[in-house]
Every structure is written in structure tokens, then in C-alpha cells.
Amino acid sequence: MNPTVRSRRPASPPLGFAPRYPHVREDHLDADARRAAASKGLTRRDIGRKDYPPGGLNIASAEWKVLFIIVIVAVLVRMFRLPQPNSVVFDEVHFGKFASKYIKSQYFVDVHPPLAKLLIAFAGFIFGYDGNFDFKDIAKPYENVPYVAMRMLPALMGVATIPIAYLTLRALECRATTAVLASLFLTFENGLVTQSRHILLDSPLVFFTALTTFVWTCFCNEDSHEPFTESWWTWLTLSGLSLGAVVSCKWVGLFTIATVGVGTLKQLWLLLGDLRVSPRLWMKHFLARALCLIIIPIVFYMSMFGIHFLILTNSGDGDGFMSSEFQHTLRGKGMADTYADVAIGSTVAIRHVNTQGGYLHSHPHNYPGGSNQQQVTLYPHLDSNNDWRIINATSEVDPDSDIDFDEPLTYITAGTRLKFRHISTQKYLHSHEIRPPVSDVDFQNEVSAYGMPHFVGDANDDWIVEIEKGDKRDKESGKRLRTLRTHFKLRHALTGCYLFSHKVKLPEWGYEQQEVTCNKNAVRDNSLWYIETNWHPDLPADAPKVNYRLPGFLGKFLELQQVMWNTNAGLTDRHTYDSRPDSWPRLRRGINFWVRDHRQIYLIGNPTVWWLSTFAVVAYAAVRGFLILRAKRGFRDFENTKVVKYDTLCGFLFVGWALHYFPFFLMGRQLFLHHYFPALYFAVLLCSGVFDLVTSSLRPRIRLQIAAILIIIAVWNFSYLSPIAYGSPWTKAKCNSARWLKTWDFNCNDFLDDVSSTCTS
Amino acid sequence: MASQSQLRGRKGKGPALSGPSLEPYEEEDDHAGSGVNQSRRQSSLERTLNSDKASIAIVGVLTALAFITRFYKINHPDQVVFDEVHFGKFAAHYIQREYYFDVHPPFAKLLFGLAGWFVGFDGHFQFENIGDSYTTAHVPYVGMRALPAILGSLTVPIVYAIMKESGYSSVVSAFSAILILFDNAHVAQSRLILLDATLIFFMCLTIYSYIRFRKYRFKEFSQEWWGWMIATGVFMACTWASKVNGILTVVCIGCAVLVDLWDLLDYRKSSMERFRNHFFARAVGFILVPLIVYLSFFWMHFAVLTNSGPGDSFMSPAFQETLRGNELLLNSQEIRYFDTVTIKHKNTKVFLHSHEDRYPLKYEDGRISSQGQQVTGYGHPDSNNHWQIIPTKALPETGRARVVRHDDIVQLLHVNTESYLLTHDVASPLMPTNQEFTAWPKDDLSRYNDTLFQLHLVDAHEGEAWKSKSGHFRLVHVPTKVSMWTYQNQLPDWAFKQQEINGNKNAAEKTATWYVDEIVDSESDPSLPDRTGDTPPQEPKKMNFFKKFAELQILMLQHNAGLTASHPYASSPINWPFLLSGISFWTNADEQKQIYLIGNIVSWWTCVTAIAVFIGIIGADLLARRRNIEPIPDPVRNRLWNNTGFFILVWAVHYFPFFLMSRQLFIHHYLPSHVASALVAGSVLHYILSDDTLNYPISVRGDTMRPKRQTYADLGMRGPIALLGFTFSLLFFYIYIAPLTYGTPGLDGNQVNARRLLSTWTLHFAAKVTDGA
């Protein structure tokens, strides 16, 4: 091997060809495309002069102009008569209300994470909203609310989605025509337009989903070129931040995380198979991704909740969802310190641990059935009827005579046999073999209050204390009852059942307070109790006092996640306009957002765009399946670079679509058409990808003409249905002709026969 | 042809001549001499243990033990235990030939019926409550319990056979069988009149036949090949027809067949024609045959149950009319105009009702009503439930034209208040999205249009007559297209807590179905008494079997999904492999006896460990091979993937779908998976002990293949020692837990506490630990 021989060897690929077509991936271009590429200014080869897909923002100035025009169009479409209607629309009821809560910093609980709501509240705050509007009902007119500014935020995000879609497709190596097609399809999608014009969370969600897709695509391009460069790190970090933002809007963002996760796993699996990559280098790849795609989103997500807690410092209507410790951190919910030591003779308020039902309570009303004795319930508010005196069950002393002050305090240890005397009605906490009125099952016994003044009580009043757990930092509390620190069970001495409560409300005769029973087969969590306030006449004034321990940020964060999860899972009631996932791709039904004065807003997609996108998804799946079968029979399609290129492109978008769609089938909660929007975004991009493939062998002019026709149809279709997107006047006749499917249930009878009468009314 | 066979003949002798064109592409486990540890000869111990005689002896002992464990004190308790309440009752229905409805397919229950009939059960005992005595009612319950006990016992030798056929040594096969033999959950479940023993028995047979079938894959389309395939199909159908979750076995075999077919599709292995033949052969064996068998069980089910019984009301009117003595058959009549009727809601069983009181002007939430007359749903018979059907077209004086038909437009006149039923675009009291229903005075014609309703009979053909009882219908308002609807929600005090009736905008709403409960005698139609007077005793009508089947099958699925009520012993699937909770089947407080369904903790934990180990091995191997390191020799890996992988598939398919089900779930749903995991445990034990040796080849050699060198698995002394160790610990725990399994002898509090191995087991009669303190 001598060097001269080497230098004489002809360059391969041949000189002159190399700089223009440096990359194998371009092999799929046929003669037409190459000619076009050479002559047209719009293709990327003439722009970046880089030998890998440009990614990011490297597009030509001509394209910037196109993009600018598209954005202007999007602004016009999204912002058209934004102040109309000037009354509350659909879920503005909730999200508007939450903005008020933020501004008044009253604590609330919602099933969605805070980012989008914070942004909306911020918009309201900037424009001087005072938080005093109640957003009570749909179609309630706004008074003193800068609702246009608040609607502007989702609208702007809706607009921003459009150029991002354009850039994403360009970064995915699609042609400019394709990118224009996709962005205009999204611009004229009635559903996205309707959804982004109101104070709703889906527009920010779709925006951040789109942003993540874009940033991740750019990262992938960098990664296939050269890893660990500065721009590689930038895009990777941005991906992480963007992922954090999606998931901080709605938990649906987890699907976006899954999409990126699948992509990451694929990259790592390929790297693992590449024997040139040393294990050390592989670890570096792995750790970089773990840091940016796991740690950063988590930190971002948690910091959103940090802001959430910082703002919501006052007690509000969300208190009831949270534990007592949590509530204690809110202003207006504080409690005075209380004595720590519980002894025979103490007057206590006993609270249920697992539910927020409140205090063990009794009142002078009787059960209508069963034993007809006095009711015992859980009551959430402070009240003198929550006070019980602890009495030693083994000594028979007249309960109404004063407690013997001379005797030393007897602390209450595990196994102590006690009676609990309800102070205001002078009755004992009692249970017996009678079925409770609501949970009428074999293993439940009724709990009542029974007795009379000067009555020593009977054996059915006896309860045995079982200490379940004490506080780790208070050693004593594991051995004997200490206020707030000890969780204990009360076993009924005769029947062996445990004092129990669960989230079952008594009917009206029990004032809808929570049921208390004695359960022979009790779930542990629901039979735990603790003492919240405690007072004993013998205790000196300087006896040790305790109060709730304030939970730290992490504790509050985790508790709120738990509450959100449970609330979310509990949203199973049917809603009139809910729908199941299988109906979404077919656009079978929309949602009635708002009806007033013979105008309506009804969320329905643009059928052209919607059905084309669904068709693209099905077509891709079918063709891909067919290709796999062919490969099995020995055809070598997957060695064709064109197939590989489009398969990679469409495969990524298809996975995105599938991961944003199929998980909904597993959800039992209420679902609505707008849950399909993130998936729709991917489907529209996929549709454009298919367009790119189908027209790849056509001349650019013809390709442009086809795109133009598709866009014109979409725009026509948009304008056809636009009155119910904007809430503009419409006529009965037009409405009826626009009901293409019987299942689109907007109410045409509500419209007037001609437009002029709408204006006068 | 001659030269072909010559060439082939020669190939047998000279391996050097092998050529791809002459031989079917060799399958994965075709790996003669590629790394198996052949140098070592099979030890004499191994040879003795694996001889046929030894194998028969082992099977004999295992089967005998299985019968002993399953039949020990099978007559105890002589009371109805747990779900015997249901399945015993169904057997009684079969014997009485009374139609009943259940979510499970009929095969296993037919067997119980058969067993009951065989031992002379007359079907009069109704199995009403857990704890009802059999002896006082003279029920031959032992005979009925013997059936699952026999099937449960036979499962043990089948498990042995599965392992043996999969190429494992006798020791390993016996190990898997013993995991099932000494498992308390299997024993407890198969000693009672429950479906699971049948299910598991046929599932094991399905797996066994499928493995036999796979072993004939080199002799495709031979008699044995067809035989075992059809056997698989038949057993699969039996599994499926035993219990609803038997469908998982079908799915599981389906997956395996798909993988197999996918393999055959490879262009290097078979021509398109060969593939097509395979495909259609499997379509016959795994789809057609099972379907016929499955349907034939339903055919028997319908053939046996010809009388009206407790299941009637689940079925459609057309179906009910096929049952002898059914109420519809006896009382259903055509409705004519001007009849006065009472109308009942199908789901909530309330009458359409109205009374003088009016809707309040303003509701609590501030909305305004029409203040019209209230229309509500009322649960009890009352003259305010009477409505007269008024025509909207001219009628002849008499004759068939007076019959009300499908799609007719009618008015409903409330008889007591002389007003027409009406709905309009006013929100209903409780649901702002639905329309208010009210009634409008008869004389005021200004709202005539709003009183028109169209009668939509469910699944009716054009011109079908409307009949009482059987004519389920929806009442759709003509101008606004809403459907009269009600649901379980009470109106406030102003409507006396009666149920709200409103107009549902989804006109095709399934729950908006009503029927005419009764044609009330009425003056305006004197012909009524004639119509009801002398109806001849009607013969049951005929109905197409497939229609009946389709209806029943759909109902079964719907009801299965609807079993969501909570049960104190229901558990979530994640608990099952770890044996975290059991089910209390039966208790006897006097003698402190109880039956508690719980597995043998050694057996279950061994199985779940084995699965974890297997996943670990496969995972590590995949990663290593990605880095070009091959830690496991090919033949061993092939056995792991193809055989153990199949067992894992069985396990996973019988387990994971439960996570998606929102119905009540119990630990006995895991028993099929537990059998599969015992198979996995056996093969993992083999992998650990065998030192990369294995029995090979185990498949039947094809005619065109050269014979391969036989290699043998050799566990040496390790095998028997491990087996003995496991057997003793299994037996020990089995006997220890046995009082809970057999429900005898009674245990005192401390003994119960001692048997509560995990704190999550909720046993009865436990001693109170804190009493003395």
C-alpha cells in the first residue's frame, strides 16, 4: 500500500457529483426530482449546504416568506371575532374559574397539572382581571372579565402550532409543498380552530405536543449526523423542557413522552447493536438521554407545581380533597396547638384517617331504621358535637360526676378498654348486631349513640384500642395514644368488628354526612382513626402540645398527584356529549359547546382534513403490513432507499398517532372528541407524508396543483361549517344541509329560518 | 421422481451431501452437533428414570396421589359451598329443563347436569344459600362433586405428559406435576361443584395435543398430524365452552398458530402452495372444528332447556316465546287503537305516570320550567298509569286495521286527567340537556303537533303489529326527534320522589326502551274481553338456532362485563402470582371449621420465581447477543424460546387480559395461569440443572430427513435430589394448610393464626392477639 496509489484512485462517488448529491438518501430522487432540485430555489439542498437534514430553523428566506403568509392566515382564522360570544362557553366554566382562583389565590383541586391554567390566569392577571366572576353556567354573559385576553392565549398557541408543523415536516425531509399543505390543513381544521378560541387547555397541549415533535425531530437529525455537539445537546435539552411542558398541561402529555421514549429506545437499541460503539460510549449516550429526557421533564413538572403551591396559599373549595396536614398549610385553616397526651377523662375530637369525611360526630337525631337509636356520622366541620370524653370501661363510675382530679393521669395504651361518651347528648358510642341503614351487608354492624344521663352504659359500649402506628419521631406515640401522632383502630369488644367509615353518604335524614359503621371485615385503611384535638382538666397548662407537621414540598406534591389520579379515575359519569375513542377517527359526533340566541358553537372537525388523515393512517398501516408480508416472501422492498426513507418518516408519525390514540381505549373515564386532537395532529402530518410519497414522482408544478386543489377543498369545507365554529348566525336550511352525518347532533331547529331575523333578535 | 428418491436415500448416509433444494428448510431446533454437550454419556440413573417402566410407575403414583388428595373427605362439608349456589342450581335447572341464564357457556354445567342425573338428583333442591344442608335435602352431592374431582385428578398426569412430550426428563416432568398435585388451591377448587376443574383439565389437554401436533410438523398432513390438530381444536372448544375465560386458551393457541404460520410463510421454507395448504388445514382444525363443537354445546343447551324458567326475562320477546309456559307466550296480545294500556320502562321497571300536580315554576338551580302537568315514572300500579292510544289517522270500525303497528304516529291520552302526553324544547327538571315531558289538556288543540309520537318497535320489520309484553318500543317525538327516556334518578319532593322522565336527544338510545305491561279493560273498546277471554294454550314458537345463539352469546358478554359489584373476597390480578389473598368459601362457626381457597405457598412462589428467572435469562441473552456474545448454545436457546416460550405465552395470555377487565376478579381466575407457570418452572429447573444437555430430537422425523444423532439430557443426581427436596417442602406446606383446604378438622384461634402465613390472608376464627393486654 503506497500512498501514491491511494491518491490516484478516483473519488467515489465520482467528482462533480459528490457535492451536489452527497448523501445516499438522495438516491431515491428520480430524474425529474433532480432536475427540479437543481432549478428550484425552494428545496433544501440549495440552502443549508449541509450533508445532513437541516433541521431546526435553517430554511431559505423564500420559505420564511411563505411561512410568514401562512402565519398571517392562521392569525386571521384563529382570531376572527374572538370576543364573540361574550358569554361563557363549555369548559370555560372550569378553566375560567380556576383562573379566578389563581388570582384570588384560593386553593382548588383539578385533574390537570397547572401549566396551561397558570398561563391563562397570567393572561387574565396582566389584563387586570380581579377574579370576581364566578363562571357559573355555560352562556352566562361576561362582566368585568378580560376574557378576550384570556382566550387570546390558547388562540396564540393555536396559531404557533401552524409554523411548527411546517418546520417539523421540513425537518423530516419533506418537500416545501407538503409542508404548506400540512400547515394549511391544520389552519383550516374546524375542531382545532374552535378549541383554540376558548379558555381551554387543549390548544396549549397540542402546541406543546407539536413543539416536542419538532424539537425531537431536530435532535434525531443531529444525532444521526454527529452526537455530542453543542447543537445536539441544545436540541436534546429543549426536547426535555418541551416534554415537561406537555405533561404539565395535561396528563395526556404522557403519551408524547411515550412517543419520544419509543424513539429513544430505538436509538439506544441500534447503538447497542453497533459494535463500534464501546460500552462506555453507549453509557454516555444513555446517561445523556436519561438526564435530558427523564430528569429535566420531571424537574420542570415539579417546578410547575411549586409555582402552583406558591400562588395558592389561601384556603378554598379544594381543601376537602386534601389531607388534614395539607390543609393546615393553607391560610385560614390553621389549628391551635393541642395537648399531646391523651388520658382517661380527656375530651377529644376523633378524625378518620383515610377519607376527608371529618370528625366522629353525633347529633340528637335518630336512625329512621335499624335500632332507631341516635345517629353517629362523620362531619367535616368543627362543632361541639364532635367532642367525646374517653372513659375507662372497666371502672363503673357515674359518668356525669366530675372526674377525680386527684388520681394521676392514666394514659391509654394498646388494649385498653374504653367507652366514648358524647358530651352534648350524654350518650355512649355503641354498636350491636343490627345492619346499618345504608351499607346493609352481613359484615357491617350499625354504630349508634346510646344511653342516658347517669347511665353507666352496657358492654356494647366498650371499645378496645389497637394502636396501628405511631409517629417515627415520637417514640411514645407507638405505645400509647398521642394526639395527632397515633393512628389507631377501635375494636368493638363484644362483636370484634372495627369502627369504620367509607365514602358513602347517608341520605337526607343523616344530612348527607358520611356513614360510620362497625365492620367485621374492615379494610385496614378505612378503620384508622386519630385524635385531632385533646383537652384534659388535669393537664397543667405547660404540658407538651402538638400540632400538625407541615408537609414539605415533596409531600404536598405527591399527595396532590394521588388526589388528581383518584379524581381523574373517578370521572366516570356519562356526559351527554361524551364519546368513545372508536368514534373519533370517523368524526361521528362533536360536542355542543354553547347555545344562545339562536346561535351555536359546536365542536366538529373539518371532514375533509379529518377523513383524509384517517385514510392516510389506515393506508400506511395497510401498505406497511403488505410490505412485511412481501418481505417474508423474499421481496427486497426494504432495501429500496425510497421505501426506507418514507417508512422511517411515516413510521415515526404513525407511532406518534397510535400512542396518542390507543391508550384512550383503556380509560374508563369520560372521554370527548377533543381528546383526539394530539393524535389528529400526527395524523395530519402523516397524511402530508403520504402526499409527499404519492406525488414524489410527479413534476413540481403538478404536485403544487394537486396540493392547491386539496387545500381549496379543505378551505371550502371549513367555511361551510364555520358558523358553528365561530358562533355566527346561520339558517335552519343551511344547517340541515351541513349535517352530513345523522350522528352530528347540533340542533338545527334552534336556528332561525333566515339570517336577518337573527340579527334583529 | 425416481431420481429424487434416490438422491434422498443417499442423503441419509452422507451428511456431506446436504443441499437446501432437497430438504425442507430445517427448523430452529434442528441443530445436530452444534454445541450440545454430547461427549458425556447418559448416566445409568438417568437411563433408568427415563425408561418407559419408570415413567409409567411415576405416572401411576402421581395419579393415585392426585385421586387421594382430591377425593379425601369429599363429602365434607355436606352443605352448599361458595359458588355451588350457582352451579349446583344450574345443574338442577338442566334436570328440570327450566331455562336459566348465566354468563358462562354451557359445557361444564351440562356435565354437572349429566353427573347429577347419573347419580339420581331430581333437581328439586334449589341451592339457595351458602350453608344449606345437602343431607337433609337428600341431594346426591358427592356424585356431582366427584366429576370435577376426577377431572382435577387427571390434570396431574396430563401435566406430566406435557413435560414429557416437550422433551424433559421424568424428574423434571414429575416436578411440574407435583407443583399441581400438592397445590391447595387446585385441590380446594376441584373438590366442589365449580367450573374451574373442567376448564383446567381441558386447557391442559389442549396444550398437550398442540404439542403433539407440533411434534408431527415434519410429517405434515399425515394421519397423526391431522388427528392431533383436530384433537387440539376439539379440546380447545371444550375449554372455551366450560367457562368464559376459556376463550383465553383459544387466543393462546391462536397466537401460537399465527407464529407457526408466520414461520411457514418464509419464502426459504415453503412455496406459496404449501403455505396455502397449511393455512387452510389450520383454518379447518383451529377455527371450523372448534366452532362446530362450541355451537353444538349450545345446541344441546337449548335442546335440554325447553321450559320457561328464571332466565326468561333476560331474553328478547321472540326468544321467550320459544319456551314452554312462558308468560309472553301466554299473555302477549296485539294492541289496537283506543286501548287503554300501562307502559313500563324496560330497565328500571317504572310505569309511565302522570298526575294533577305541576312542575314548579323555578327549580333550585334557577332554571324555569313550563309549569306543565308532571309526567313521572312510578313504580306501583295506579290508575294514573293508564294511557289511551289515540290514532292520528282515520280508522275503520272494526278489523285488523285497528291494530297499532310499527312506525305509526300516535297520541297518548292520560285517562284520569284527560290530557295528551307532550314534550317540547324546555329543559327537564334534572337534566338541562334533555327535554321536559308534560301533559296538555285534551281540548286545547294549539299544541297538537307537540303531542305526536312515533312508535319505533325494536328490531321490527315494516308493518309489524304492536303487542303487549313482547313489543319493546321507543317513543320518538315527531317534531323534535327526542325519545322518551328515564333513568334512576328521583325528582325532589314536589314530585313525590318519583322518577324523572325526559326526552333523550339520542333517539336511538338503547335504554329508552319501553313495553306495554298490560292492556287495561276499557269502555271505549268493548272487544277487549273477547280478545283476552279465550286464548288457546299456545305452542312454543320456533326460532332459528343461530339467532338464539347470537342473542345469548351477546347477552353473556354484556352481563360478564357488567359484573362489577364489589365482593369482599375479590382481588386485583397483581396479587395473584404472589398468593396475597384467598377466598373464604365456607365457614362453620360451631366447630371453627372453614374452607379458604389459598394455594401452596412453595408451589406458587417457585412458579413466579421461575418466570422471573426465565425472563432474566432471555433478557440477558438478547442483550449479550446484541453485543455479539453468545452465552447460551443455540440448541438450548431454541428449546428455551420455542418450548418454554410457549409455556410463557400460555401463562401470559391466561393472566394479563385480566388487568383489562373491570369485572369482579378472584384468585381462582389465576389457576390456569398457575398450571402454565408450573410448566415454566419445570423447564427452568431443567435449564438450571442440565448443564446445557437436552433430549434431542424429540419431534417425529419427516420422511425426507436424515436421522439425527440422539442426545440426552442428563441431570445426574442433582435432579432426584432437587425433586425430593421440593416434594418434601411442598408436601409439608400442603399438609400444614390442608385444614383450610378440606374444611376439617376445626382449628382453634392460635392454630388459625399460625396458618396465616401472610398477613393479607383473611382467615376466620383467628385468635385476638391483643385480648390479654
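First residue shown is number 1, and so on along the chain.
Heads up, the Cβ atoms here are built off N, Cα and C, so glycines get one too.
According to TrEMBL, the protein carries these features:
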| type | residues | note |
| --- | --- | --- |
| COMPBIAS | B:35-46 | compositional bias 'Polar residues' |
| DOMAIN | B:332-392 | domain 'MIR' |
| DOMAIN | B:401-458 | domain 'MIR' |
| DOMAIN | B:463-519 | domain 'MIR' |
| REGION | B:1-46 | region 'Disordered' |
| TRANSMEM | B:142-163 | transmembrane segment |
| TRANSMEM | B:170-187 | transmembrane segment |
| TRANSMEM | B:193-213 | transmembrane segment |
| TRANSMEM | B:225-242 | transmembrane segment |
| TRANSMEM | B:248-267 | transmembrane segment |
| TRANSMEM | B:279-300 | transmembrane segment |
| TRANSMEM | B:602-623 | transmembrane segment |
| TRANSMEM | B:644-661 | transmembrane segment |
| TRANSMEM | B:667-689 | transmembrane segment |
| TRANSMEM | B:715-737 | transmembrane segment |
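Within the same chain, residues 203, 207, 211, 245, 248-249, 251-252, 255-256, 561, 573-574, 576-577, 611, 614, 618, 669-670, 672-673, 676-677, 679-680, 683-684, 687 sit at least 6 positions outside the transmembrane segment (B:644-661) and bring their C-beta atoms closer than 8 Å to a C-beta of that stretch. If one looks beyond the transmembrane segment (B:602-623) by at least 6 residues along the same chain, the residues whose Cβ comes under 8 Å of a Cβ in the stretch are 179-180, 182-183, 577-579, 631-632, 637, 640-641, 644-645, 648, 651, 674, 677-678, 680-681, 683-685, 687-688, 726, 729-730, 733. Through the fold, the transmembrane segment (B:170-187) approaches residues 49-50, 54-55, 58, 62, 65-66, 69-70, 152, 155-157, 159-164, 200, 582, 597-600, 603-604, 606-607, 667-668, 671, 674-675, 678-679, 681-683, 685-686, 689, 715, 719-720, 722-723, 726-727, 730-731, 733-734, 737-738, 740-741 of its own chain, all at least 6 residues removed from its boundaries and within a Cβ separation under 8 Å. Across the domain 'MIR' (B:463-519), DSSP assigns 3 helix, 27 strand, 27 coil. When Cβ-Cβ distances below 8 Å are used as the criterion, the transmembrane segment (B:193-213) is approached by residues 82-84, 87-88, 91, 104, 107-109, 111-112, 141, 144-145, 147-149, 151-152, 154-155, 158-159, 161-162, 165-166, 186, 224-225, 228-229, 231-232, 235-236, 238-239, 242-243, 245-246, 249, 253, 256, 646, 650, 654, 668, 671-672, 675-676, 679 of the same chain, each at least six residues removed from its ends. For the domain 'MIR' (B:401-458), the number of residues in each DSSP class (helix H, G, I; strand E, B; coil) is 9 helix, 29 strand, 20 coil.
Using a Cβ-Cβ cut-off under 8 Å and counting only residues 6 or more beyond its ends in the same chain, the transmembrane segment (B:667-689) has close neighbours at 155, 159, 162-163, 166, 168-169, 172-173, 175-176, 179-180, 183, 185-186, 189, 194, 196, 199-200, 203-204, 207, 245, 248-249, 571, 573, 575-577, 579, 581-583, 597-599, 603-604, 606-611, 613-614, 617, 636, 639-640, 643-644, 647-648, 650-651, 654-655, 658, 713, 715, 718-719, 722. Confidence over the domain 'MIR' (B:463-519), given as mean pLDDT on the 0 to 100 scale, stands at 84.
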